[in-house]
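Novice: So Swiss-Prot has the following annotated:
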BINDING   ALA223, LYS224, THR225, GLY226, SER227, GLY228, LYS229, THR230  ATP binding site
COMPBIAS  31-42  compositional bias 'Polar residues'
COMPBIAS  83-105  compositional bias 'Polar residues'
DOMAIN    210-385  domain 'Helicase ATP-binding'
DOMAIN    399-569  domain 'Helicase C-terminal'
REGION    31-169  region 'Disordered'
MOTIF     179-207  motif 'Q motif'
MOTIF     333-336  motif 'DEAD box'
Amino acid sequence: MSHLPMKLLRKKIEKRNLKLRQRNLKFQGASNLTLSETQNGDVSEETMGSRKVKKSKQKPMNVGLSETQNGGMSQEAVGNIKVTKSPQKSTVLTNGEAAMQSSNSESKKKKKKKRKMVNDAEPDTKKAKTENKGKSEEESAETTKETENNVEKPDNDEDESEVPSLPLGLTGAFEDTSFASLCNLVNENTLKAIKEMGFTNMTEIQHKSIRPLLEGRDLLAAAKTGSGKTLAFLIPAVELIVKLRFMPRNGTGVLILSPTRELAMQTFGVLKELMTHHVHTYGLIMGGSNRSAEAQKLGNGINIIVATPGRLLDHMQNTPGFMYKNLQCLVIDEADRILDVGFEEELKQIIKLLPTRRQTMLFSATQTRKVEDLARISLKKEPLYVGVDDDKANATVDGLEQGYVVCPSEKRFLLLFTFLKKNRKKKLMVFFSSCMSVKYHYELLNYIDLPVLAIHGKQKQNKRTTTFFQFCNADSGTLLCTDVAARGLDIPEVDWIVQYDPPDDPKEYIHRVGRTARGLNGRGHALLILRPEELGFLRYLKQSKVPLSEFDFSWSKISDIQSQLEKLIEKNYFLHKSAQEAYKSYIRAYDSHSLKQIFNVNNLNLPQVALSFGFKVPPFVDLNVNSNEGKQKKRGGGGGFGYQKTKKVEKSKIFKHISKKSSDSRQFSH
């Protein structure tokens with residue numbers, strides 16, 4: 001389809017060139033100009049004053065016709081009539097070979113005559129060549145003006161009707177943004193599935209990406225979260241498999257990599273809907289699933305695979321029946337997140353194992369130096385870059401109302417409890433910095449009759465999957481999570497994003513708040529809780545084009561449950577143990593923050609931080625102890641939930657051991 005406009009343009013230009021050449025010939029005949037024949041299309045020039053006229057090998061009255069039949073195209077501009085200089089050897093297009101053969105058959109007869117003519121014209125030719133070198137653009141413009149004065153100009157109406165406008169670039173040529181406009185490019189079964197999914201118009205990233213990808217271009221795309229990147233790469237991927245008529249025996253043709261299991265499941269869900277009317281095989285490969293069952297499916301042949309990098313590399317190295325040598329397309333979704341979570345080495349190994357002749361797509365919400373490095377090793381030399389939001393003032397979507405609240409350390413949990421209780425009928429996501437912190441607050445809030453769900457990296461996969469779909473299908477509720485849920489997940493109608501613990505950097509903030517206000521005309525709210533010492537983080541957010549305003553909270557209306565919280569943590573052994581783990585992990589996560597000039601663990605008031613976890617006296621945390629040693633000692637003490645009195649626990653450097661008795665003078669006062 002992309003060649004049709006060029007063919008049409010070529011035919012119309014040839015037609016116009018024919019008319020222009022015929023007019024030029026009439027003018028040349030009136031001026032008594034003589035044209036000399038040259039072998040195989042060579043052009044000689046004679047000087048008439050300061051004017052140059054192009055000469056062809058054919059007779060004067062047939063010059064325009066013969067050159068047009070041989071496919072010759074001049075460089076005349078559309079708006080002006082120019083007589084341009086021809087190179088010493090004319091370029092021959094589609095029908096040139098036939099013309100050369102016919103001229104060669106007559107070359108012997110004309111050989112003597114031609115030599116004589118060339119010898120006679122030799123002085124003039126040398127003179128013409130010398131003048132050729134000295135001619136400037138201004139002289140050629142003067143020649144054009146002189147020619148125009150003697151040639152009858154065509155009507156403006158004729159110009160407008162005969163000369164089409166040049167097509168625009170790939171990213172801006174198409175005004176129609178409906179999926180129906182892809183009817184000549186996309187299979188009708190795919191369009192039918194898209195219609196059944198409820199989509200009629202393409203988003204900006206889809207509009208700019210799908211057509212180039214259907215042409216086989218490599219692509220590096222950057223767009224805000226919730227902009228529709230998933231369909232932007234799934235539609236071309238499915239079309240590639242359909243057009244190549246991939247069968248299970250051909251193995252894997254498309255590979256889609258996702259940073260987290262939840263995002264992989266979500267992408268697989270969209271792919272499943274898109275493949276409703278197709279017969280090709282597709283599958284999900286991720287950690288936490290049954291590996292032997294995955295290996296069996298790979299042996300049978302999966303045409304489109306959605307996978308996480310770790311499990312995929314495992315199968316590529318250890319599953320003999322996995323055929324990926326026929327791979328046609330590699331898609332890396334949330335490329336920056338894949339690199340952030342430590343899959344950089346796995347990704348490089350995967351790229352080395354895959355065939356080099358393939359189409360590659362990199363999609364991400366943010367562009368980092370690591371993503372650029374990945375693009376260099378995975379994309380071809382000239383990939384197409386699509387940046388939807390490069391020229392926009394804000395890095396977050398317009399429908400998002402976001403702000404921050406300054407809260408002292410000792411009142412953080414009281415603020416969170418009051419906020420969740422007030423918004424029980426809404427859908428909220430609360431982000432924490434560590435798995436143990438999520439686990440503790442999940443147990444605590446459910447214990448005090450405030451039902452919440454939780455997702456974190458230390459859960460078993462079945463639990464994570466069940467919780468994820470339970471929250472997706474809920475009309476209201478609260479999900480406590482780590483950054484494992486911050487990327488790519490399309491959870492419907494989330495009203496509030498609460499960042500209880502600040503993110504590691506502004507890019508992570510953008511991804512967290514991207515879970516709300518998704519899609520066209522999406523609306524949502526985001527709340528960032530900061531300690532007074534952490535207000536410097538706002539400067540980094542402003543540099544990243546994140547507009548934040550301060551929210552006003554009536555502190556008199558904050559629920560004062562501090563005394564009840566302390567009594568509960570004191571009396572309930574299991575909650576006490578969980579609170580210790582959470583406090584320890586919070587301090588460690590704070591110490592590992594990348595922006596140490598703002599999030600400095602030495603500036604923390606530990607007694608006040610301990611109050612937010614329900615402790616009157618802060619548990620002991622040794623930041624110099626290796627985290628692996630801490631985990632081993634914790635397991636040696638009975639796993640954190642059981643009670644086993646051992647010497648290792650009594651000598652633990654991580655936290656002080658307490659007994660089941662409520663009267664413990666080391667931790668609590670009567």
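A Cβ is built for glycine as well, from the same backbone N, Cα and C atoms used for every other residue.
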Novice: According to DSSP, how is the motif 'Q motif' (179-207) divided among helix, strand and coil residues?
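Specialist: The motif 'Q motif' (179-207) comes out at 17 helix, 1 strand, 11 coil.
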Novice: Using all protein chains in view, find how many other C-beta atoms are within 10 Å of the C-beta of LYS224 (ATP binding site).
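Specialist: Cβ-Cβ neighbours of LYS224 (ATP binding site) within 10 Å number 24.
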Novice: Provide the three-state DSSP residue tally for the motif 'DEAD box' (333-336): helix first, then strand, then coil.
Specialist: 2 helix, 1 strand, 1 coil
Novice: On the 0 to 100 scale, where does the mean pLDDT of the domain 'Helicase C-terminal' (399-569) fall?
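Specialist: Within the domain 'Helicase C-terminal' (399-569), the model's average pLDDT equals 89.
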Novice: Counting every protein chain present, what is the number of Cβ atoms, excluding its own, within 10 Å of the Cβ of LYS229 (ATP binding site)?
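Specialist: Excluding its own Cβ, the number within 10 Å is 26.
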Novice: So if I draw a 10 Å sphere around the Cβ of GLY228 (ATP binding site), how many other Cβ atoms end up inside it?
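Specialist: The answer is 20 other Cβ atoms.
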Novice: Enter the number of other CB atoms within 10 angstroms of the CB of SER227 (ATP binding site).
Specialist: 23
